[in-house]
Amino acid sequence: MRYESEEDRDMESNSDCGSIVELGFQKKVVVVGYALTSKKIKSFLQPKFEGLARNKGIFFVPIDQTRPLSDQGPFDIVLHKLSGKEWQQILEDYRLTHPEVTVLDPPDAIQHVHNRQSMLQDVADLDFSDAYGTVGVPKQLVIEKDPSSISSAVKKAGLTLPLVAKPLVAKSHELSLAFDEYSLEKLEPPLVLQEFVNHGGVLFKVYIVGDAIKVVRRFSLPDVSKRELSRSVGVFRFPRVSSASQSADDADLDPCIGELPPRALLERLARELRRRLGLHLFNLDMIREHGTKNRFYVIDINYFPGYGKMPEYEHIFTDFLLNLAKSKYKKRSGSVS
């Protein structure tokens, strides 16, 4: 997707009707119903974004969770990030009875990436490799219960220390790093254990919004040398590794560490994962193995991440919603692009 200069976009955003004419809609606006947590509303629906969207004919309407969803609207798009089986069922029923509305995204597809056992399986199954590099996942093991059995399970699976421990359900960004086998029983199942891959202390957050891709650098856990591993014991806990305050975009990094993954590789990977995951809105946490140029690993996938931290998210997201509504309109009208 091509973006014009900031000046061009600001001029375009000041037009109240330019995008509506461009879309060729018979209706005047695109109505987006949203069901988000208060925290997500504050970070995502920022005044600049809402203002730009409004100027382009997009209006955000809060969904009242105390009323039947079918009684609200009409909506062109439903944007949501709420948990709970009851809400999932409401959305599934709504999708069946309102096929003309685009629900971002299907609840069952979201559930797939909420579980760290299944979230990376599509990346592993992809066995991705092209002229620009390879993309895999670290060797990992799921521990459902019984901390005392972790050490023997790790040996049986052939995992190499240190190991990153993450909650099995991806509602928490907390992680731990275990350096020795005797400390493994201090971990709290259910969890996923991943082999730690040295990556220069930098990870790449690959934001995906439909066809659009934006990559930012974040500082991550530092590399662990063999000497450090031999001297380190215990479990070290990290509440949140890749927070916004740890941006590495302006840091003076070694090019071998800080160079972004090739654009062509990311575009193909994102296209394949959109298809396999059935999602429009997600991000990949990706690392490059230290000492290599083109060996990458996906270590996490997050649904509807903190787009408010993504540069130019207002324009990217507005274009995405307009294109989504335009595509839906063309399908309904039977027109050919």
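Cβ atoms here come from the backbone N, Cα and C positions, even for glycine.
Residues or ranges marked as domain 'Inositol-tetrakisphosphate 1-kinase N-terminal' in TrEMBL: 31-110. The feature 1D-myo-inositol 1,3,4-trisphosphate binding site is assigned by TrEMBL to Lys40, Lys81, His173, Lys205, Asn302, Gly306. Among the features that TrEMBL reports, ATP binding site is placed at Arg116, Lys166, 194-205, Ser220. According to TrEMBL, the feature domain 'Inositol 1,3,4-trisphosphate 5/6-kinase ATP-grasp' maps to 130-322. Under the heading Mg(2+) 1 binding site, TrEMBL lists Asp285, Asp300. What TrEMBL lists as Mg(2+) 2 binding site is Asp300, Asn302.
Feature map: annotations from TrEMBL on the structure.
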| residue | record | Cβ contacts under 8 Å, 6 or more apart |
| --- | --- | --- |
| Lys81 | 1D-myo-inositol 1,3,4-trisphosphate binding site | Ala35, Leu36, Thr37, Lys40, Tyr303, Phe304 |
| Arg116 | ATP binding site | Val142, Lys166, Pro167, Leu168, Val169, Ala170, Val192, Asp300 |
| Gln194 | ATP binding site | Pro138, Lys139, Gln140, Leu163, Val164, Ala165, Lys166, Ile299 |
| Phe196 | ATP binding site | Pro138, Pro162, Leu163, Val164, Leu177, Leu221, Val224 |
| Gly200 | ATP binding site | Asp223, Leu253, Asp254, Cys256, Ile257, Gly258, Arg288, His290 |
| Val202 | ATP binding site | Arg217, Arg218, Phe219, Ser220, Ala248, Leu253, Ile257, Gly258, Ile287, Arg288 |
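Fewest other C-beta atoms within 10 Å: among the binding-site residues Lys40, His173, that description fits His173. In this structure the C-alpha atoms belonging to His173 (1D-myo-inositol 1,3,4-trisphosphate binding site) and Asp285 (Mg(2+) 1 binding site) are separated by 12 Å. The Cα of Asp285 (Mg(2+) 1 binding site) lies closest to that of Lys205, out of the binding-site residues Asn198, Lys205, Asn302.
Around Asp285 (Mg(2+) 1 binding site), taking its Cβ as the centre, 20 other Cβ atoms fall within 10 Å, counting all chains. The separation of Asn302 (1D-myo-inositol 1,3,4-trisphosphate binding site) from Phe204 (ATP binding site), Cα to Cα, is 13 Å. When the Cα positions of Lys40, Lys81, His173, Lys205, Asn302, Gly306 are compared pair by pair, the longest gap among these 1D-myo-inositol 1,3,4-trisphosphate-binding residues is 20 Å. Here the domain 'Inositol-tetrakisphosphate 1-kinase N-terminal' (31-110) is broken down by DSSP into helix, strand and coil counts: 36 helix, 19 strand, 25 coil. For the pair formed by Asn302 (1D-myo-inositol 1,3,4-trisphosphate binding site) and Asn198 (ATP binding site), distance between Cα atoms is given as 22 Å, rounded to the nearest Å. Here the domain 'Inositol 1,3,4-trisphosphate 5/6-kinase ATP-grasp' (130-322) has a mean pLDDT of 91 out of 100. The binding-site residues under consideration are Asn198, Ser220, Asn302. Their Cβ neighbour counts within 10 Å are lowest for Asn198.
Counting in whole angstrom, Lys205 (1D-myo-inositol 1,3,4-trisphosphate binding site) lies 17 from Asn198 (ATP binding site) by their C-alpha atoms.
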